[in-house]
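Note sheet for the following structure.
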Number of protein chains: 4
Amino acid sequence: MTGLSCVLRGRAGEEMGQESAGIVTSTGTNPPIYTTLKGMGLVNTAFKAEDLLKLRNGNLGIGHTRYSTTGISELQNCQPFVVDTLHGKIAVAHNGELVNASALRKKVMRHGVGLSTSSDSELITQLLALTPPMEELDTPDWVARIKNLMTETPTSYSLLVVYKDVIYAVRDPYGNRPLSIGRLVPISKLHSSGAGEADTEGWVVSSESCSFQSIGAKYYREVQPGEIVQISKNGVKSLSVVPRPEGDPPAFCIFEYVYFARPDSIFEGQMVYTVRQRCGRQLAIEAPTDADVVSTVPESATPAALGYAQQSGLPYVEVLCKNRYVGRTFIQPNTRLRQLGVAKKFGALTDNFAGKRVVLIDDSIVRGNTISPIIKLLKEAGATEVHIRVASPPIRFPCYMGINIPTKEELIANRPEFEDIAGYIGATSVRYLSVEGLVSAVQGGIESRGKDERISTKTARIGHCTACLTGKYPVELEW
Amino acid sequence: MTGLSCVLRGRAGEEMGQESAGIVTSTGTNPPIYTTLKGMGLVNTAFKAEDLLKLRNGNLGIGHTRYSTTGISELQNCQPFVVDTLHGKIAVAHNGELVNASALRKKVMRHGVGLSTSSDSELITQLLALTPPMEELDTPDWVARIKNLMTETPTSYSLLVVYKDVIYAVRDPYGNRPLSIGRLVPISKLHSSGAGEADTEGWVVSSESCSFQSIGAKYYREVQPGEIVQISKNGVKSLSVVPRPEGDPPAFCIFEYVYFARPDSIFEGQMVYTVRQRCGRQLAIEAPTDADVVSTVPESATPAALGYAQQSGLPYVEVLCKNRYVGRTFIQPNTRLRQLGVAKKFGALTDNFAGKRVVLIDDSIVRGNTISPIIKLLKEAGATEVHIRVASPPIRFPCYMGINIPTKEELIANRPEFEDIAGYIGATSVRYLSVEGLVSAVQGGIESRGKDERISTKTARIGHCTACLTGKYPVELEW
Amino acid sequence: MTGLSCVLRGRAGEEMGQESAGIVTSTGTNPPIYTTLKGMGLVNTAFKAEDLLKLRNGNLGIGHTRYSTTGISELQNCQPFVVDTLHGKIAVAHNGELVNASALRKKVMRHGVGLSTSSDSELITQLLALTPPMEELDTPDWVARIKNLMTETPTSYSLLVVYKDVIYAVRDPYGNRPLSIGRLVPISKLHSSGAGEADTEGWVVSSESCSFQSIGAKYYREVQPGEIVQISKNGVKSLSVVPRPEGDPPAFCIFEYVYFARPDSIFEGQMVYTVRQRCGRQLAIEAPTDADVVSTVPESATPAALGYAQQSGLPYVEVLCKNRYVGRTFIQPNTRLRQLGVAKKFGALTDNFAGKRVVLIDDSIVRGNTISPIIKLLKEAGATEVHIRVASPPIRFPCYMGINIPTKEELIANRPEFEDIAGYIGATSVRYLSVEGLVSAVQGGIESRGKDERISTKTARIGHCTACLTGKYPVELEW
Amino acid sequence: MTGLSCVLRGRAGEEMGQESAGIVTSTGTNPPIYTTLKGMGLVNTAFKAEDLLKLRNGNLGIGHTRYSTTGISELQNCQPFVVDTLHGKIAVAHNGELVNASALRKKVMRHGVGLSTSSDSELITQLLALTPPMEELDTPDWVARIKNLMTETPTSYSLLVVYKDVIYAVRDPYGNRPLSIGRLVPISKLHSSGAGEADTEGWVVSSESCSFQSIGAKYYREVQPGEIVQISKNGVKSLSVVPRPEGDPPAFCIFEYVYFARPDSIFEGQMVYTVRQRCGRQLAIEAPTDADVVSTVPESATPAALGYAQQSGLPYVEVLCKNRYVGRTFIQPNTRLRQLGVAKKFGALTDNFAGKRVVLIDDSIVRGNTISPIIKLLKEAGATEVHIRVASPPIRFPCYMGINIPTKEELIANRPEFEDIAGYIGATSVRYLSVEGLVSAVQGGIESRGKDERISTKTARIGHCTACLTGKYPVELEW
């Protein structure tokens, strides 16, 4: 591609299996030619080499990787969703979950539209197509239609819309889901060896800025809560910011910092890795431990563990070696192997902790059945004490904004066992980071960073969605 | 399944590659549970065994096999098309092509509906969902909506609609595409060995009645042109017949007799095989030949060849042996094999024709490039003369009603070479059946059959679409 | 390829599933580079396009398609078998089954050779490599080694051996399995359109001559029983004929004529189709029937049915229409469909036989459970009588020479039901061709054909293996 | 399985792609029934669930995973290799490469054995089968045959041989490749929850002891250099130790410690992780650096980096975040992405090093083209200096003992660029660990560990193969 390209990535958290991927490109010519690829599985199995070649003529495009949250696992539900309208095709990809999807589905169906999937993407395309009436002669005012959509549904979505030679990048008024803009650096500037005709300038948009480096782009800025950004061959242009109801703060998902995002992604001007390290430091202040070594459940808890070690002064060591070849899909031919469970995934680095008291940092505890066999493993290999320190507060409430959290009943924090969680999981002691500690670790970094002059900060407020921890949802939910 | 099941099959003509297949079943319970399977390729590769098991709870269902006519070859275009409406899901499968699809697409898009595929099936579902307005409290009057659809588009379609516990089987007012009803015979009546609990009674609907025998059903009757038949656990009930414009005869596709249908299918009370045999007899009358033997291009021309032999008194022999293992998909690694072309598909049965004058019957000649190497093959193997007799008239006009006929320019009958077609293809002589001969061979059988008392014949008229032969389309086409 | 190419095909009888395919090519250069492809399934699924491209540099090669007779269905057992010897690689493919394989396996293992497969091909390569001792400096005398092999095992095999730039084509002394030589015709002689650089001259060898036409080759001659033919860029050269024991006639498998071979193949100077037609005529003489029409179980019995019709004067009609899309692999999701069995495979062409007495010709009856539902189908559709006439004698004995025949106990001709076979299968009457009738139908054609001057016929004798019909095996079997 | 099971694993180093896997089990009954599974790709794609079920009756078995070193990537070369001998089947799997394979191949081929693959496994099976002559009546003395093999080829191999109900585990006299024995712990002892009938006791053998934990086994001991261990239902029994030539020390591959092995494996009584950490400490002594932070190229260099940090007193931080989803097989549709190369694999954790002087520890540098873009990445992201410290000496010589090292010409240490390696790769400075430093880091741990009473240490000597670093091969190589 020699122009724009946007990728709206789902999360790549360890426990989530990517289930499908889709790409739509447009030539941006008049009329535009759209090319669509969709496939099941990880990106590198979902598409075949010969299919990817079909995209060569695209000058702009959007992609999507889908994880199983709601909706059946079918190719049909795979984004982007493309529909033909009176004025030509539009393609839509989104990340998130519309809180009032059910009411909106009824609305479009009452208008006489049949919905062929259970996905919010189709719902969004039909809402965009629906009103106001399309007249045959004029180009539709897509921006007005997008604004209209944003007033009908407050959250939770980041959205990419392709129409002819333009991409609209949109974040919901609460900014619940992330969306970042990057700038493609000409390859000749990346490498001294000349890049020749394959060189590219342009813009990219992504859920996570970590993906920019992989394609040779530099982080430019975030799409702001409520903002509609137009990306075309003329560059990036902020078209509008749809406001939240008076008094409501933004509500960016705090669990992006805690767990979902890759550590090298940037949100609100700060690197996720650094926030996690601060959480570890804060945890060391809130929950100090009399122990010999600090370690991590690799790999996601490592920044917090290093932060804890720095703050506490205890030495950081590795106690677990991850077996990269044990996948979710491995066939377990007998009961014995099934019973071994998580022990298959980790090897104990005995020399580093035998005879010692271990502080083991984990990023979060959801169901509690992963950490238990790890503790058992460490104790059998010679740890005299195993203190669990969790770099986030207990999860107690479901998420209705696109994150797949177990039911309230399954969450360990809501079960009787939580009373004696240390006993239940076999730990010497268990402590969590407080909600206030987490919020201060997250928001402290934003304030200390100063202002990015490219973003109007006059009205900028700081605020995060902590609903899964506190039950305070950013908008009132109708059922 | 223990109730109804309907299959709307596309054609299985030799040169058409089946490209996708789909099935939707409903439990017929309240609320109904729908199960959908779709896959690319032939039916037995499109579905996996474990997927078919998912259909076990279905009590009624519709299926579809798709051939590439229009529309890109994508799973997305695969029928049946299922949409959710205010009153629940409907599933639609159709055979044919709406002559005014373009105008109807504009109509629904003007209403604010985005169309996600290029298929007529989606268009039909959205037309059914669209008007009149859906009220929340009542069950929609699907029959009124289907009638409304039929007044908006006169032809060409046979249609199956599933809603909850009912299937509607519909044929367009011109009856251009076939649709037959069969009755499932309890297996205990088919085999003396008891059938036990797996036994089934019920109804089936199919494009071609030949499929009934494969599933142990008996031919019952055809859906009449314009008829809406309701099939439910209460049996088969004719609900309505939407009339054609005053004076218009029905227009069942005459090429179903000539080429598309399997020879053991029944249309208008007569077996296709027998009609083809009559075409061969008529051809012998119209185009007698001074020759030694009559033969066929296997396998579709065999009934006509036997008919020609019977009428002419010439002996019938086989001259070509078909190589069943040469498929469309075989990889041809070098130029040499590509050049050999059709010779790979047939072996010459030399002893039967060496030194003899051969009459070779073909069912139709479209582009003229298949018959030419066959003639060369026979001559090289020793045939002294090869007279081509074609059991249908030359195809001169495109079909806009669901049949994939080459462009006017590609049709041999419209090209200069047709002037000396025998010279062009290397035959000793070439003769075609006349349009009148074909029509009389087809319609003669209908008249002589007498009346089926189950069908009201008061207003029954006979008429066939011969548009591809004569250019006389059943309805005026708008562009 | 621009030189030699040999294909040793297994049979393509309708009921046999091809299970694997292999190709080995040699550049014929010094040193030669061999390329091997093997895959499971039919030829066109076993190999991928990109793999076939790897063969482009081969100037000679052999291929093999394997059917399940003995040996487990594994890629490992797939031919050709290639081994490295002191003097370079040899590749071996064979058709048939060594009658004394068990003793020969012991012999090579006693010499200290481990055998990695259960296939005769590996056994043959190790026997060729084994003795006499290989000296380092000289080229081994492969022809002497092949002769040695032929004295150690009398039958049943046709063999292709590749070494550097030579192919040896070998038929066992009894000639039990077929092997024919064809000559590649330059494409420029096949088509007036110039063929350019892709053109090819050369030689091909095949189990069945029918394959020659598919690749633009002409039938040249058969490899004679016991003959070793050398094929190289210098052409075809007969090197030696290993004799049978004094007094033993040749023993070409008579079932190649009856059932296995494609009808357009040539054996012993006569076309298989014509032999089958003669069998039908002979059957009409031996087993005349008072009936109205003669028909066939399509497609293999058709030549015999036409022969019966010609001899008897009864009209030939088609009564069954084959459903090409019902394959072995079709998934049968419920009991009902399994019970329908063979009825799924055939449609009844009622008009041709309703109210009539039918003579139905089949080529052979092995287990008797295919013909029974066909008879039921015809009777239910209106046939007043169904007389089965089988164009071969009952099979009563197992084959130890490469043909997969059921155990003695499974053969209908050895079971009590055979006493009243007509009653058992529901036929009005059943008659078989006599062994003498079959032999005369086969051998009559050889005698009447005269001599092929390319083959020394001084010592030519005629003889066929009828072991499965008579129990008289060509060689005494040791166990 | 309820008895013995052995796995001979190839390495799982990051840059090596596993290419095939195989398993052979034996029922251990009389006669034994062997089951073989082989497949291409990683273990969890190579085998299907239904295939693994076939192994259920096996009571002992061996497995193998193969990486591409020599030999073409074909299923045929996949181990274990099973051959039928006069006395029944033996199955062989090995890790390593016979230094005199070429001479041994000639030997068996001169005996008249054809070799069907290029793999050493087949060669070993044929050598075992070959001599002394097999007599029909007696059981062959496999131990004598294995000893005979060990005198014919001194190194490099670890070997597993299955015959009936016994597994022989063998390490070559130099002990070049590792082989460890583990004991299956009854699951009831692992988990308090009762294990029921699926419980298992028994023995396992593996190239790397890290695999024991995954299947619930405990490390027992190493097979000693030259030792033949018999494993059966009667337990583990040392049968024999074949000595090295007088004066030769053992030669265990030192690169197993440096790079190949998983850090939680145990060799010579010490954990690999700890050895690597010691290498890092030694490197800090040999090559101290004036810098701000120490970091790692994740993940293999992390133990050495932590060791360097501990010894030097510099703080350990993470500077790179690994992108787990960028695989070898990802399709790179355009030049741009190919040029980005290694940058796709790592994200920079800028906050940890911007404005700082970084010591970056790598485990080894082979070609030098991986580290270069990483240095560029760090510098562009703000590192003021990047000092590369390599925890092993430069690789200068090829390995002929099973490790795939580039040709001498490709090794960066042998190229002119090595003169100014820092300039070439863009580093501020580059230093390597010395050979002496590496050897002392490795051997220091062995001495300090004391004696394992299960192993006779009277004649125990310490020695390692450093051929790739020093050119001193354990045995003289013939060509």
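Glycine residues also receive a Cβ, built from the backbone N, Cα and C atoms like all the rest.
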Legend entry - According to TrEMBL, which candidate in D:C78, D:C321, D:C399 joins D:C253, D:C465, D:C468 at the [4Fe-4S] cluster site: D:C399
Legend entry - Of the candidates D:S300, D:S312, D:S429, the one that TrEMBL places in the Mg(2+) site of D:D362, D:D363: D:S300
Legend entry - Where D:C468 ([4Fe-4S] cluster binding site) sits in the secondary structure, as DSSP reduces it to three classes: helix
Inset, instruction - To the nearest whole angstrom, state the Cα distance for the pair D:C399 ([4Fe-4S] cluster binding site) and D:D362 (Mg(2+) binding site). - result: 21
Inset, instruction - Could you check which of the binding-site residues (D:S300, D:D362, D:D363) sits closest to D:C465 ([4Fe-4S] cluster binding site), going Cα to Cα? - result: D:D363
Legend entry - Top Cα neighbour of D:C468 ([4Fe-4S] cluster binding site) in the set of binding-site residues D:S300, D:D362, D:D363: D:D363
Legend entry - Cα distance (Å, whole number) from D:C253 ([4Fe-4S] cluster binding site) to D:S300 (Mg(2+) binding site): 18
Inset, instruction - Measuring CB to CB from D:D363 (Mg(2+) binding site), give everything in the same chain under 8 Å that is also at least six residues away in sequence. - result: D:V258, D:Y259, D:R276, D:V297, D:S300, D:A301, D:A304, D:V390, D:A391, D:S392
Inset, instruction - Name the secondary structure element type, per DSSP in three states, that contains D:C399 ([4Fe-4S] cluster binding site). - result: coil
Legend entry - Confidence summary for the domain 'Glutamine amidotransferase type-2' (D:6-234), mean pLDDT rounded: 78
Legend entry - Euclidean distance between Cα atoms of D:D362 (Mg(2+) binding site) and D:C253 ([4Fe-4S] cluster binding site), Å: 19
Inset, instruction - Please report the number of other Cβ atoms within 10 Å of the Cβ of D:C468 ([4Fe-4S] cluster binding site). - result: 26
Legend entry - Non-site residues, in chain order, whose CB comes within 8 A of the mean position of the CB atoms of D:C253, D:C399, D:C465, D:C468 at [4Fe-4S] cluster: D:N176, D:I254, D:F255, D:M401, D:I403, D:T466, D:A467
Legend entry - Which same-chain residues, if any, lie at least 6 apart from D:D362 (Mg(2+) binding site) yet have Cβ under 8 Å of it: D:V297, D:A301, D:I371, D:I388, D:R389, D:V390, D:A391
Legend entry - Entry from the binding-site residues list D:C253, D:C399 having the most other CB atoms no farther than 10 A: D:C253
Inset, instruction - Determine which residues of the same chain, besides D:S300, D:D362, D:D363, have their CB within 8 A of the center of the CB atoms at the recorded Mg(2+) site, and list them by sequence. - result: D:Y259, D:T296, D:V297, D:A301, D:A304, D:I361, D:S364, D:V390, D:A391
